[in-house]
């Protein structure tokens, strides 16, 4: 039996909104220590990995491991039926063919119950090895989102170049070109605005703008985004939750793709 209760439905809504435009069919694996999910987009360029730890829930019980295959488009429709401030409980038995979503507004004594049919999704769960990265940076997710949105107006590709002292984003398209340069700094009074950079090797990589536009939708989950880059591995973009994370592994574009 699974019973996973969020104190506010808005958290689960934001989690799903953070990656529902990247992938459609997802297996959620529910275990004693929380819920994990993983999916690859149709082009096999982007891998999404989600972990929601027990501490993220107001109440959590999972007596037996269970996999819930869901269509995120359908799930999102049901999530829109609940208010952000409602509590949300996910309920499923040990061999479910559907999942119950229970929204409760304790102030109004209102209870809304919805059932979503589950799917048998044929997808392997990949073991993600710990990778070595050439450069690691952390910056406000709002700033990264603005950079991506602005530069995507000019080109369908965005280049990220990192040196010891600067982080440069470049777009070069048919209508023109643009660049944004930011530098690492630490604000002791407002640490959430700091930009941190650890560089072992310079990085010069290009990514599809449409994928970056999908990735920045995870910004509603966290004030900051962590980015790890390497010429030998997919880039990692990570938004941390109170307990867990939402990760995007994105393969760079090569010269013959640009």
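Cβ from N, Cα, C; glycine included.
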Response to the item:
Swiss-Prot lists as SUMO cross-link, out of 13, 31, 127, residue 127
Worksheet entry | Annotation match for ubiquitin cross-link in Swiss-Prot, from 164, 217, 242, 253 | 164
Worksheet item: Looking at 61-80, 81-100, which one does Swiss-Prot call DNA-binding region?
Response: 61-80
Worksheet item: If you count Cβ atoms within 10 Å of each one, which of the recorded sites 127, 164 comes out on top?
Response: 164
